[in-house]
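Novice: Right, I'll just put the structure down here and ask away after.
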Amino acid sequence: MPRENEHHDFGSCDRGRCYGRHVSGDRAGLDGRSCVMGVRFVSATANEVLDSRSRPTLAVHLLTAEGRGFSAGVPSGASTGSREAVELRDGDDARYGGQGVLGAVRNVNEPIAELLTSRVFESLEDLDRAMIELDGTDDKSSLGANAIVGVSMAAARAFAAADGTPLWRFLGPADGEPRMPVPHFNVLNGGVHAANDLDFQEFMIAPLGAPSAAEAVRAGSEIYGHLKSLLRERGHEVGLGDEGGFAPEIADPADVLQLVADAIEGAGYTAGRDGVAIALDPASSEFEKDCVYRVAGRDRSSDEMIDYYAELVDRFPIWSIEDGLSERDRDGWRRLTERLGERVQLVGDDLFVTNPAIVRDAIADGIANAALIKVNQIGTVTETLETLAVCREGDYAAMVSHRSGESDDSFIADLAVASACGQIKSGAPARGERIAKYNRLVEIEALRARE
Ligand SMILES: C=C(OP(=O)(O)O)C(=O)O
Ligand SMILES: [Mg+2]
């Protein structure tokens, strides 16, 4: 499978510090500094706040015995996989049309807070396993994945701080080396993320050839700006979708691809793997029924969709396709992987839901060649790191991802750097909740350069 992103380490640095998931004595002494023996939390609280779509989500706050506070904002998807960990919503029509999260907030403030303050936790894994046990279900539907993941993310920050290690290093494997990821900017939105008639959900630009994260962000911004001018010139609207990409009324994915390729070239970049390539997330589970896919008013079978992707890959500088086929079309996925797996990255999102066991099965089955990594799909940071490890061991690529509903939390930028997976997607290079992640990447790059 293609691994263009492997060439795009925007610089690496590892001073052999005591880092990783376990904040315990067994990692002590790599640089002559001992690690703390655990973290004692004195409080865990959550509030109901709004996400980028104006829907309720949770902000979580933890306080340690040393008086240090750690927070996290919980993301939320719209095109969700059926096997994702369950996001708890109140289901009470009087508030936010039943979409409130006061139940999940209560679960943080009461049972989870009681657990967290009951003892010292040796490691993030120790704490995450304890929450999973307290929840007691396979899909985290009792306490809510939204409650658990917020605590897990904030706790990861607490363990990293206790260890004196930046999050972008702490979340990496014990023997790993951080690496800057290539940002994938979603510049044109469709599907359930936009009010237009475009069936494909995401058209991303990936500056694979950029020499640094800062230069990649610059390319993303310049191309985004050029795309806006092109849309205006060609008589389209420039309203935005949920992830900050433009959402014009263009139904044919090939027309959009041409427009994006023109924007890349028009902004002065080379369209292709040496410069700025294109990545697609059709999110096809949303337009598939009984393995029939309806795109721009035309029905296609799985095999016809595979032919269609092959034709698009021939015509345009596409390097990655996510959820090209539906989560219900496993046989189709096998054929898609056989046909295109050597030419492009094939990413499973709805198909894998960041679940280590599901990804392990797919690797054994030869389905797809990469996994999308969304922390709230599985519900704890520990399990997310396990999925990343499964990908590494199985030689599958991985792309760390935001959700379409976001907060300004930049956790995933640190996760992408620490995991060394080489790829991140966080929407358009615009809007606060999206650029929080890209700006954090640039900040991490600068911090590493100063080390
Ligand atoms: C980011 C995505 O969208 P959502 O968060 O709606 O699942 C995606 O499908 O990759
Ligand atoms: Mg997706």
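Each Cβ is built from the backbone N, Cα and C atoms, and glycine gets one as well.
The active site, proton donor annotation in TrEMBL covers GLU243. The substrate binding site annotation in TrEMBL covers HIS193, GLU202, GLU322, ASP349, SER401, HIS402, ARG403, SER404, LYS425. The (2R)-2-phosphoglycerate binding site feature in TrEMBL is assigned to GLN201, LYS374, ARG403, SER404, LYS425. Residues or ranges marked as Mg(2+) binding site by TrEMBL: ASP281, GLU322, ASP349. Summarising the annotation, TrEMBL assigns domain 'Enolase N-terminal' to 41-171. The domain 'Enolase C-terminal TIM barrel' annotation in TrEMBL covers 177-450.
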Novice: Applying a 10 Å Cβ distance cut-off over all chains shown, what neighbour count does LYS425 (substrate binding site) have?
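Specialist: Excluding its own Cβ, the number within 10 Å is 29.
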Novice: Among ASP281, ASP349, LYS374, SER404, please name the binding-site residues whose Cβ is nearer than 6 Å to ligand 1.
Specialist: ASP281, ASP349, SER404
Novice: Among GLU243, GLU322, LYS374, ARG403, SER404, LYS425, the recorded positions in the record, which have a C-beta under 6 A from ligand 2?
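Specialist: GLU322, in sequence order.
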Novice: If you count Cβ atoms within 10 Å of the Cβ of ASP281 (Mg(2+) binding site), leaving out that atom itself, what do you get?
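Specialist: ASP281 (Mg(2+) binding site): 27 neighbouring Cβ atoms within 10 Å.
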Novice: Using Cα-Cα distances with a 10 Å cut-off, which of the recorded positions GLN201, GLU243, ASP281 are near SER401 (substrate binding site)?
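Specialist: Within 10 Å Cα-Cα: none.
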Novice: Between GLN201, SER404, which of the binding-site residues has the fewest other CB atoms within 10 angstroms in the structure shown?
Specialist: SER404
Novice: Three states by DSSP: which one describes GLU243 (active site, proton donor)?
Specialist: coil
Novice: Out of GLU322, LYS374, SER404, give those binding-site residues positioned within 10 angstroms of ASP349 (Mg(2+) binding site), comparing C-alpha atoms, in sequence order.
Specialist: GLU322, LYS374
